[in-house]
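Chemist: Quick one: the structure is below, questions incoming.
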Amino acid sequence: MVAYDRRHIWHPYASALGDAPLFPVVSAEGVRLRLADGRELVDGMASWWSAIHGYNHPALNAAARRQLDAMAHVMFGGLTHPPAVELARRLVELTPEPLQRVFLADSGSVSVEVALKMALQYQRARGQNGRTRMVTVRGGYHGDTFGAMAVCDPEGGMHSLWSGALPEHLFAPIPPAGFARPLVDADTAELADLLAKHGDEVAAVVLEPIVQGAGGMRFHSPAYLARVRELCDEHGVLLIADEIATGFGRTGAMFACDHAGISPDIMCVGKAMTGGYLTMAATLCTDEVAETISRAHGAFMHGPTYMANPLAAAVAVASIDLLTSGPWRDRVAALEAGLRTGLEPARALPQVADVRVLGGIGVIELRTPVDMARVQPAFVERGVWVRPFGKLVYVMPPYVMTADDLALVTAAMVDVVENVHTG
Ligand SMILES: *Cc1c(COP(=O)(O)O)cnc(C)c1O
């Protein structure tokens, strides 16, 4: 299996010529992945933020089976179906009140493309044809398609590879670090300057609220986010919040925007929406955005083949119901406490630049990038699945992980950093 894979299959951000470690998984249950050789790994990654309820969950399996017996898919042009309507109802109820319109997209990256297109179409619909650029902050990650790539961090997103092919947007500095950091004017001064100077060219500010994920696993304050909302209003610019990683409770609030008590004009959600079962995301917007576009242009110009896929939507409904009917706040708080205690010993290590935790997210930032060829097998030998990137050894476990399993994961992180990543 591994030999054929290496010969023919691309993996995420991987070389076709590489011999990086590759582990075949044959099943997964609760917080454990089972490898082909019978070993079990406690999963710290929740399949990149998605599998918040754990794997092979009876309620999600049942929802998928029920929907499969009814219909797996049907086109969404001119047709609708119960899973789409029920999912939209839940998203509208859970997200901040101004967000009333739902576009169901087939992945996070596509939902970001949809958000960017909505912002552009909205500005055009208002006669603001010059507003074609986005403002974002450095250190962000918004996906791998072209529109999304153009608002990713220019270095982390390897913009140099695509120079000449990507639209050139405007970048403000990385938000100052620290969830609890008090806001000072200097923190948003450059962003304010950009908007003052380029305001009439700007369609929207795009950012990941509170947590920058794949761009560096950094946390910023609700006060910063609230100030960004004010600046957008002052300059007639929309705010797009990319909650694809942070949504559905991960940071300790249902959505990261809730920490600041603000609503964006457009919000992207994905990843945990289907509980890690199927690819689906959503772009929500206000009535004002939707109605302005629709009055001027007659339509919003996007419509993927698998839009609102009933199977994915049915599982998303079940996943959201499971989340909202359970003690997710307590579970995320317990993860936060366990991550703080478990990762704290790493702070004293000479290899470590920073240790930070927010909600169900735990990060050890190293001084040098890890050697994956050594570090990845070392985690597997310790019975856990942790997938570092660059200088970051980080986890965002399923919400259902027990304290004992979490302690195993954090102990392995500290051990591997101390004894395998010698720096
Ligand atoms: C993962 C992610 C995306 C892209 O989602 P895909 O489903 O991988 O296309 C976009 N934005 C953020 C913040 C993400 O974490």
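Cβ coordinates come from backbone N, Cα and C, glycine included.
OK, TrEMBL features for this one:
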type: BINDING; residues: W48, Y141, K271, G303, R387; note: substrate binding site
type: BINDING; residues: G108, S109, D242, P304, T305; note: pyridoxal 5'-phosphate binding site
type: MOD_RES; residues: K271; note: N6-(pyridoxal phosphate)lysine
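For each feature listed, report its degree of burial, its nearest neighbours and the pertinent distances within the displayed model.
Modeler: Around R387 (substrate binding site), taking its Cβ as the centre, 17 other Cβ atoms fall within 10 Å, counting all chains.
For D242 (pyridoxal 5'-phosphate binding site), the count of additional Cβ atoms within 10 Å of its Cβ stands at 32 [all protein chains shown].
If you take the C-beta of K271 (substrate binding site) and look for same-chain residues 6 or more apart in sequence within under 8 angstroms, you find W48, W49, S50, G108, I244, A245, G247, F248, A281.
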Chemist: Quick one: of the binding-site residues Y141, G303, R387, which has its CA closest to the CA of D242 (pyridoxal 5'-phosphate binding site)?
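Modeler: It is Y141, whose Cα lies nearest.
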Chemist: Check the binding-site residues S109, T305 for other C-beta atoms within 10 angstroms of each C-beta and report the one with the most.
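Modeler: Max Cβ neighbours within 10 Å, all protein chains included: S109.
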Chemist: What Cα-Cα separation, expressed in whole Å, is found between G303 (substrate binding site) and S109 (pyridoxal 5'-phosphate binding site)?
Modeler: 14
Chemist: Sort out for me which one of G108, G303, P304 has the most neighbouring CB atoms within 10 A, since those are the binding-site residues we care about.
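Modeler: Answer returned by the neighbour count: G108.
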Chemist: For D242 (pyridoxal 5'-phosphate binding site), name the DSSP secondary structure in the helix/strand/coil scheme.
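Modeler: Looking at the DSSP assignment, D242 (pyridoxal 5'-phosphate binding site) belongs to a strand.
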Chemist: Counting all other Cβ atoms within 10 Å across every protein chain shown, which of the binding-site residues W48, Y141 scores highest?
Modeler: Y141
Chemist: Looking at the binding-site residues S109, P304, T305, whose Cα is closest in space to that of Y141 (substrate binding site)?
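Modeler: That would be S109, the closest of S109, P304, T305 to Y141 (substrate binding site).
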